[in-house]
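Undergrad: Pasting the relevant annotations from TrEMBL:
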type     : residues : note
TRANSMEM : 49-73    : transmembrane segment
TRANSMEM : 93-110   : transmembrane segment
TRANSMEM : 117-140  : transmembrane segment
TRANSMEM : 160-179  : transmembrane segment
TRANSMEM : 200-224  : transmembrane segment
TRANSMEM : 230-250  : transmembrane segment
TRANSMEM : 357-379  : transmembrane segment
TRANSMEM : 399-418  : transmembrane segment
TRANSMEM : 439-458  : transmembrane segment
TRANSMEM : 478-497  : transmembrane segment
TRANSMEM : 518-541  : transmembrane segment
TRANSMEM : 561-584  : transmembrane segment
Amino acid sequence: MACLNNICKEVSDEKMMTKEEEDYTLDGTVDRHGQPAIRSKTGTWVSGILLLVNQGLATLAFFGVGVNLVLFLTRVLGQDNAEAANNVSKWTGTVYIFSLLGAFLSDSYWGRYKTCAIFQAIFVVGLVLLSISSSAFLLYPKGCGDEETPCGTHSTFHIVFFYLAIYMVALGNGGYQPTIATFGADQFDEEDPKEGHSKIAFFSFFYLALNLGSLFSNTIVGYFEDQGMWTLGFWASAGSAFVALVLFLIGTPRYRHFKPQGNPLSRFCQVLVAAIRKWKVGIMPGDDHLFETDKNESAIKGDRRILHTEGFRFLDRAAIMTPNDYATDEEKNTKGRNPWRLCTITQVEEVKCILRLLPIWLCTILYSVVFTQMASLFVEQGDAMKTTVSNFDIPAASMSSFDILSVATFIFIYRRILDPIVARIKTNPKGLTELQRMGIGLVIAILAMVAAGVVEVFRLKYANKDCPNCNNASSLSIFWQIPQYMLIGASEVFMYVGQLEFFNGQAPDGLKSFGSALCMTSISLGNYVSSLLVTMVMKISTRDNMPGWIPGNLNKGHLDLFYFLLAALTTADLMIYIICAKWYKCIKFDGRTNGDDDDNKKSRPVTVAAQADFRV
């Protein structure tokens, strides 16, 4: 009887252990104490919703400054249009440069939670200093800063204080943005089917939160600032950022974390140096002769091992084992392997993965050129159209609201209607792959440029020749711009949301934040390429008595030809993108390793293989 009781107890204990093991996440995440994350007590949509609200409020705060910064520089600091535009471009570019810094610190040393908290705190401090600077020093005499009342001169100290504040805002927002998207995705276990689906949906809602935050700042906050109420607008932004930080910290007990994986630059350099050292060593087919750690170990703790792929075979030399690959007593590590002579397959594949991502990333830059027109030439085009309805004047910049409404609408259409239909047709639960969606985004962007060009043709047809410089330079209503804004919004849902998912899913475990930073740098380079393209077009098209395609008076130019040029360039970019997408090989994971030596904590065999149809 006693023996029977012992057997029953052992069976009961095994069931309890099995239940406890099932409660843990399968992707290697840990809680705030560094222990394996319990599924029911951490992550999921409880954490996800907090981070979405955090993103919306932080975006509101950032664009509350950025949307009218050029007006602040001209009206309050007295800069001319060219100088102000140049300073805003430098500031915007700096934001995206800092995104690479945030991604590096997040992936290498601090981890995503600490990186988000520190950079958000810097963001709040910068906004508070900006609010103090404007109210105490710059807005003098009182009531200045609107369209009619210029402000007085300012001392060097006041100007330096102002630039210190806005560049703290740039540092805080830039370092925070790529990390928060990845940290939000970390809250969902991709090895669990239900949470894996939620993780994909998170990126759509993340982009929606970003757009809703910018909608509020572009309309309400932007309106008050345009009326000269700069202090109110800046303090509202500071308050929004502070609430966002508080909400982020409230969720601390529930967050799931991936441990930082160390400096990736050293791992990359090791692969390159080892491959160069063995440039005379012959390469045999297959991976049987290549070095990899045991299944329960990894060169990078907590990482999944990456399976060997063909291509970039020169780099495979770094993993070929030779007699000289083990270190001397002075330089050897715990395993006796010299990492500058012999690298693991996972290290080599990490470098290959980044090299394969770069062509896809480069193809997204021209899309960002199209996207940036919404904040520049679309506004200038709208300002030269009929903007009055009865006695109400519609600001040309406010038409971007249709872009945000389009984003919200098409996210719903894609997630609730299109994606399920495609999933049933393709018998693939994921529906369209990320690369396919990005290709669709390029196609819609081409249509948007064609639509904008056609509108410009008709705007010129109905242009008021007798009054070229008046507000309504054409009798064509500004509402004809709605299709081009709606098409840009639809393309964002396919391109930018797909891009976030793609770079997050295809980046190695130790470079997830870097993947999100690639999206931001794509937008940044899109701004620079757009500026360069406009300069080149004006230089070529301005000759003799021709004012160029984009003169100050659009009625004398050919903005339509510039739009059609962008459509043609994007079409060529689409062709190159299709080639790159067909060539691309997705990353293949073997399993996640564990840094602990506890025998009870074994690596979980996980394979996240590339889908064969991950193409356009």
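Any Cβ shown, glycine's included, is placed from N, Cα and C.
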Undergrad: If we call contact 3 or more Cβ pairs under 8 Å (sequence gap 6 or more), are the transmembrane segment (230-250) and the transmembrane segment (399-418) touching?
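TA: Contact between the transmembrane segment (399-418) and the transmembrane segment (230-250): absent, because fewer than 3 Cβ pairs are under 8 Å.
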Undergrad: Mark yes when the transmembrane segment (478-497) and the transmembrane segment (357-379) have three or more Cβ pairs under 8 Å (sequence separation 6 or more) and no when they do not.
TA: yes
Undergrad: Which residues of the chain, 6 or more past the ends of the transmembrane segment (117-140), have a CB below 8 A from one of its CBs?
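TA: Distant contacts of the transmembrane segment (117-140): 58, 61-62, 65, 72, 76-77, 102, 110, 151-152, 154, 158, 161-162, 164-176, 179, 230-231, 234-235, 237-238, 241-242, 244-245, 248-249.
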Undergrad: To the transmembrane segment (49-73), which of 160-179, 200-224, 439-458, 478-497, 518-541 is linked by the most Cβ pairs under 8 Å?
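TA: Counting Cβ pairs under 8 Å, the winner is 200-224.
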Undergrad: Can you tell me which recorded stretch out of 439-458, 518-541, 561-584 has the most Cβ pairs within less than 8 Å of the transmembrane segment (160-179)?
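TA: The stretch with the most contacts is 518-541.
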Undergrad: Out of 93-110, 200-224, 478-497, 518-541, which stretch has the largest tally of CB pairs under 8 angstroms to the transmembrane segment (561-584)?
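TA: Counting Cβ pairs under 8 Å, the winner is 518-541.
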Undergrad: Same chain, outside the transmembrane segment (518-541) by at least 6, Cβ under 8 Å from its Cβ: which residues?
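TA: Cβ under 8 Å, 6 or more out: 89, 92-93, 95-97, 99-100, 174, 177-178, 357, 361, 364-369, 371-373, 376, 496, 499-500, 503, 548-550, 558, 562, 565.
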